[in-house]
Amino acid sequence: MSERGKVKGRVKLRTSSRPLRAYRVPVREIVQGLLDLYPGARCELVYRNPYELLVATVLSAQTTDAKVNAVTPELFRRYPDARALSEASPEDLYPILRTLGLYRIKAERLVALARELVERHGGEVPADVEALTALPGVGRKTANVVVANAFAIPAFAVDTHIRRVARRLGLTTSSKPETVEREITRIVPKRFWITLHHALIWHGRRMCHARSPKCHICPLRSVCRAWRSGEVRPARGTADPGTP
Ligand code: SF4
């Protein structure tokens with residue numbers, strides 16, 4: 001059963017309720033609030049196997065999941081596995097990927113990645129962060145996404161939404177991905193890493209936007225470090241009596 005499948009109804013967290021030392025935030029309430037708010041949070045890239053998830057995640061750099069999902073059906077129809085993709089040239093992929101930003105670079109990366117997958121791993125995607133990050137074009141975030149979602153191995157990938165939302169909430173003191181990952185995985189039990197990762201991303205996409213966070217309707221406001229400190233303000237015209 002996947003990690004997500006184990007989370008039914010209200011989650012009993014054994015995370016320490018002691019405030020995170022740096023910001024004095026109630027970690028348990030924040031994590032529980034996020035999991036309650038987004039019980040169906042999941043990866044929004046469409047994929048059927050580890051190869052497809054790895055390719056889709058590489059393509060998702062600096063673009064939206066929706067744009068990636070629009071091109072991958074044709075990409076996977078033409079190149080259904082790493083071996084088929086390894087025999088393509090980057091130029092072959094241009095017409096399929098051209099609606100994505102940086103599509104030429106991404107095409108080169110995908111072909112190089114597929115060739116290394118075939119050469120080093122017989123065309124299979126390794127279920128291991130270190131082995132994945134040794135592949136060309138695969139960073140730690142991509143590797144964590146793949147092992148967590150394709151193999152249900154606890155891992156905590158940090159993307160731009162997580163860096164912003166976790167820092168605002170006070171779950172981390174840093175916006176450096178490695179530090180965010182280290183601090184969050186230290187205070188949250190392993191079995192919640194995957195669902196918390198998705199819940200933070202969903203909150204960042206749906207409410208805690210970079211420019212105009214919807215603090216006026218955010219259920220996490222009372223425990224949010226950025227709100228309580230006045231670091232964020234609601235969008236104009238949405239202030240309410242709860243504004244500090
Ligand atoms: S209160 Fe505002 S800044 Fe804090 S988590 Fe909610 S939307 Fe984000």
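Here the Cβ of each residue, glycine as well, is placed from N, Cα and C on the backbone.
Predicted automatically and left uncurated, TrEMBL annotations should be read as such.
Feature annotations, reproduced from TrEMBL:
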BINDING   CYS208, CYS215, CYS218, CYS224  [4Fe-4S] cluster binding site
DOMAIN    59-206  domain 'HhH-GPD'
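Over all protein chains present, the Cβ of CYS224 ([4Fe-4S] cluster binding site) has 23 other Cβ atoms lying within 10 Å. Take the CB of CYS208 ([4Fe-4S] cluster binding site) and look out to 10 A: across all protein chains shown you find 23 other CB atoms. Of all the binding-site residues listed here (CYS215, CYS218), it is CYS218 whose C-beta has the fewest other C-beta atoms within 10 angstroms.
Shown in sequence order, ARG168, MET207, PRO213, LYS214, LEU220, ARG221, ALA226, TRP227, VAL232 are the same-chain residues outside CYS208, CYS215, CYS218, CYS224 whose Cβ sits within 8 Å of the Cβ centre of the [4Fe-4S] cluster site. For the domain 'HhH-GPD' (59-206), the model gives a mean pLDDT of 96.
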